[in-house]
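Quick look at what TrEMBL annotates:
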TRANSMEM  40-60  transmembrane segment
DOMAIN    42-447  domain 'Major facilitator superfamily (MFS) profile'
TRANSMEM  80-100  transmembrane segment
TRANSMEM  107-124  transmembrane segment
TRANSMEM  130-151  transmembrane segment
TRANSMEM  172-191  transmembrane segment
TRANSMEM  203-227  transmembrane segment
TRANSMEM  265-283  transmembrane segment
TRANSMEM  303-322  transmembrane segment
TRANSMEM  334-351  transmembrane segment
TRANSMEM  357-382  transmembrane segment
TRANSMEM  394-411  transmembrane segment
TRANSMEM  423-442  transmembrane segment
Amino acid sequence: GAAHSAGMVLQELAGAPSLSTAAGGVGDAAGEVQLSRLRWAVLLLFSSYSLCSAFQWIQYGSINNVFVRFYGVSAFAIDWLSMCYMLVYIPLLFPVAWLLDKRGLRFIALAGSALNATGAWVKLGSLKPHLFPVTVLGQVICGLAQVFILGMPSHIASVWFGSHEVSTACSIAVFGNQLGIAAGFLVPPILIPNVEDVEKLAYHISLMFFMTAGVASALFILVIIVFKEKPPKPPSRAQALIQSRPPAEYSFVQSILRLLRNANFLLLMVTYGLNAGCFYALSTLLNRMVIHHYPGEEVNAGRIGLTIILSGMVGALISGIWLDKTKTYKQTTLVVYIMSLVGMIVYTFTLSLGHLWVVFVTAGLLGFFMTGYLPLGFEFAVELTYPESEGTSSGLLNVSAQIFGIAFTISQGQIMDRFGTKAGNLLLCSILFLGTVMTAFIKTDLRRQQANLENNQT
């Protein structure tokens, strides 16, 4: 209500020459602030096709042992069906960030949803054991789609949502991706039982691929119809300032160079990569860990993954609401990072106790904080780097996450094969400890909040 009242006052004042002149046009920009009703539809649609993308990322890893037998390849080859998402992202971040600046948000949404649907249909051509290269091609295309999706939550939140709801919106956008991973853990073990008959196995795999392709295609059509570039009027004063800036003032290359000279952002980029990289490794290798200690429990391995994600979605939503209420970015990020470390330690030392219910509880605790950290990192980055493009800052965080994700997945997989699951998980514990220490050195520099505050005072 206060934000709305302030907007009404600024709209009335915007016509006064003195304010416009004194603020150099800022008053006019601020006077145009208005929330669009379409913002929730755009957010829901983005979350939905992000969900579909995330489902396709983990759909092989959640039943790793089944696909190993069907295609007659190594477990490491199936791990690469997950890691190819990470590998493709790294070289394509900057071209896609440049496209976001030049072609806009709608083009990025169309490209992401179109590639996601295309990859899903390609996989339908891989329903024979000798057609593993075809499923690799389909997964690589889906990995391309992810480049157009993964870094968008904070950008969509900033372009479409007001300053009092931007962190919640970012959390909901990340929420969709996490829900997709949850579905990727839950659905494949149910749809594809571990049967001996290859023909029956191919039939069950085809069901999953057909359902995925149908949903991805429907979402692409909805993006064409519903998704708009931006609302008619900016939703916040910070966004109004960005939109009122002449295009000639903005340089994509200079923006990246400024980000790479921002010491606080660089620290956050590394710490975010360490945390998210651990999450990627844990998600990719979870099936192998659980099956090692609890043979024949493929379905429960998927449910444990589901527990990690669902509890993490609750954590992400609570984090977003908390940030909108308190704006305590540094403190909240540090506390969540510490609790991620605690959760990882508890999970590591309880996995081998022989009680599945204990694994469910400890995995849920770990997921609540580790997954809940993801939107925190996005929003903290936007605060530290305003007025740079949210897509670029989020993209750099994700590049860090993909690089560390590949390194940690390979390293932990090799350690697990040679020394057991506990040694592999201890590697992740040590990494999270390092990330916690580095997070403590990030200085609070909330530039976006300062811009909103200064505009309100003006």
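Every residue, even glycine, has its Cβ placed from backbone N, Cα and C.
When each of 80-100, 130-151, 203-227, 334-351 is checked for Cβ pairs under 8 Å to the transmembrane segment (40-60), 203-227 comes out on top. Counting Cβ pairs under 8 Å to the transmembrane segment (394-411), the top-ranked stretch among 80-100, 130-151, 172-191, 203-227, 334-351 is 80-100. Counting same-chain residues at least six beyond the ends of the transmembrane segment (130-151), those with a Cβ under 8 angstroms from any Cβ of the stretch are 49-50, 53, 56-57, 60, 71-73, 77, 80-81, 84-85, 87-89, 92-93, 96-97, 108-109, 111-116, 118-123, 177, 391, 394-395, 397-398. For the transmembrane segment (107-124), the list of distant contacts is 46, 49, 52-53, 56, 96, 99-100, 134-135, 137-149, 152, 206, 209-210, 212-213, 216-217, 219-220, 223-224, 227, 391: same-chain residues at least six beyond its ends, Cβ to Cβ under 8 Å. Annotation: stretch 303-322 has the most Cβ pairs under 8 Å to the transmembrane segment (172-191), among 80-100, 203-227, 303-322, 334-351.
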